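What Swiss-Prot says about this protein:
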- 34-47: compositional bias 'Basic residues' (COMPBIAS)
- 69-83: compositional bias 'Basic and acidic residues' (COMPBIAS)
- 87-105: compositional bias 'Polar residues' (COMPBIAS)
- 16-24: region 'Homomultimerization' (REGION)
- 23-48: region 'Disordered' (REGION)
- 62-105: region 'Disordered' (REGION)
- 79-92: motif 'Nuclear export signal' (MOTIF)
Amino acid sequence: MAGREEDANLLYTVRIIKILYDSNPYPSGAGSRTARRNRRRRWRQRQHQVDALASRILQYRLGGPQEPPHLDIPDLSKLHLDPLDQPASTETGDNQLGTQPSNSA
């Protein structure tokens, strides 16, 4: 009956996480605009901490996420880079770079 043991483990983990989320209720709407904004900002900061803690609990209690399948990476010794073609220079392009056209007379 290994399935029941896994179910009990999952239910226990969900209870722990529910208690964790219940410990950080959404702030009330009373007070000035600035006070409400500050309470919501602090609540969001705590909520991010609760989210991180809940994911760590899930990872520890349930064995963590499954690893992705192994991807074949090509051999880096076969990697080569082709040289870039030189762009054709135009007179307006040279003037934009601050060079003067040469007068060979």
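Quick reminder: no glycine exception, Cβ is built from N, Cα and C everywhere.
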Subject >> Residues in the region 'Homomultimerization' (16-24) grouped by DSSP into helix, strand and remaining coil >> reply: 7 helix, 0 strand, 2 coil
**OP:** Six or more residues out from either end of the compositional bias 'Basic and acidic residues' (69-83), which same-chain residues have a Cβ under 8 Å from its Cβ atoms?
**Re:** none
Original post:
List, by number or range, the same-chain residues at least 6 past the region 'Homomultimerization' (16-24) whose CB is under 8 A from its CB atoms?
Top reply: 43, 46-47, 50, 53-54, 57-58, 61
